[in-house]
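Going by TrEMBL, these are the annotated features:
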- 41-302: domain 'G-protein coupled receptors family 1 profile' (DOMAIN)
- 25-50: transmembrane segment (TRANSMEM)
- 62-80: transmembrane segment (TRANSMEM)
- 100-123: transmembrane segment (TRANSMEM)
- 144-167: transmembrane segment (TRANSMEM)
- 187-209: transmembrane segment (TRANSMEM)
- 250-276: transmembrane segment (TRANSMEM)
- 282-304: transmembrane segment (TRANSMEM)
Amino acid sequence: MPNASSWSASSPLLLLWEDSSGTRIFLSLLYAVLAISGTLSNVMVIYLVFSFKKLQTTSNAFIVNGCAADLSVCALWMPQEAVLGLLPPNSSSLRSAEYRLLRGGLLGLGLTVSLASHLLVAFNRYVLITKLPSVYQALYQRRHTGCMIGLSWALALLLVPLLPGLWTPGPAQQPPPRQTDGSSRYTALLLALALLGQTALLLHCYLGIVRRVRGSAKRVSVLNFHLLHQLPFPAAPPPPRRAQRRLSSVSVLLLCCVFLLGTQPLVWVSLLGFFLRPAPPALQAAGWLLLCSLSALNPLLYTWRSEEFRRAARSVLP
């Protein structure tokens, strides 16, 4: 099995240098497809929210914040991965430490804000459904919403310079093995713990919504909020109560399953590398690729069940 020194010096998402050119071309094409689809979908969501007043809600403000962060990954970082995957391994571009830090910063900034936006959307919907309207209105005033969005970017800007090893784990110049291994192990552990904590909070919010909706469909129907249309279940026409509860639960659980599929492989690969032995580089690459693919899928996750978004998209698209 190749060791960590044969791992890409520029990115955690490129496989081994010894891999065939066909594998590298396939990965480049995959990054290109994700970059194009993710950029178009994120730009479309941002455009629709800014163009249609009915979509300008607090929940959608957090969704737009996540889309803006995802553009850092899809529009700026993924195209570079697609191009660099086609370059020869000894290319000077791949060895530049400054360029690696720039690309790592784009990836770290986008993923951190995107994951924070997932949590902000989930907590917003949790408060909307499970708390009194007065509590929701007091918590989500415009200035409070702006502060939450600003804090997500401030947190990302703080973490990216302090923890570059999270986003650029491959050493450019092969420093001493003990230093490299120790640094990469602890940064991987920190990443895994952060993702586990964020996932636990997100699941708590969405499972709380499922319990409330299943327990009282009437509670949801009397809330006169535009945000209700952004929930992952249909707003109108309402199906029979039992079918509505079942569809609501399935939609929320589907969203959670997609999020878990994108985040948990990297979590357990990182924990395995810290406590036991490093996972094969190909497995690490797959975990990073699934995590980054969420940036292209997020717009669909939050808008595919919204009649308001579908109506706005039909009015724009030919």
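Each Cβ is built from the backbone N, Cα and C atoms, and glycine gets one as well.
Model, not experiment: these values are computed from the prediction.
Within its own chain, the transmembrane segment (282-304) is flanked in space by residues 7, 12-16, 30, 34-35, 37-38, 41-42, 44-45, 63, 66-67, 69-70, 73-74, 77-78, 107, 110-111, 114, 118, 121, 230, 232, 255, 258-259, 261-263, 265-267, 269-270, 273, 310, which lie at least six positions past its ends and keep a Cβ under 8 Å from the stretch. A Cβ distance under 8 Å defines the sequence-distant neighbours of the transmembrane segment (25-50), meaning residues of its chain 6+ beyond its ends; these are 13-15, 56, 60-61, 63-64, 67-68, 70-71, 73-75, 78-79, 81-83, 85-86, 289, 292-293, 295-300, 302-303, 309, 312-313, 316. Outside the transmembrane segment (100-123), and at least 6 residues removed from its termini, the chain residues within Cβ reach (under 8 Å) are 9-11, 59, 62-63, 65-66, 68-73, 76-77, 80, 148-149, 152-153, 155-157, 159-161, 163-164, 166-168, 172, 195, 198, 201-202, 205-206, 259, 263, 291-292, 294-295, 298, 302.
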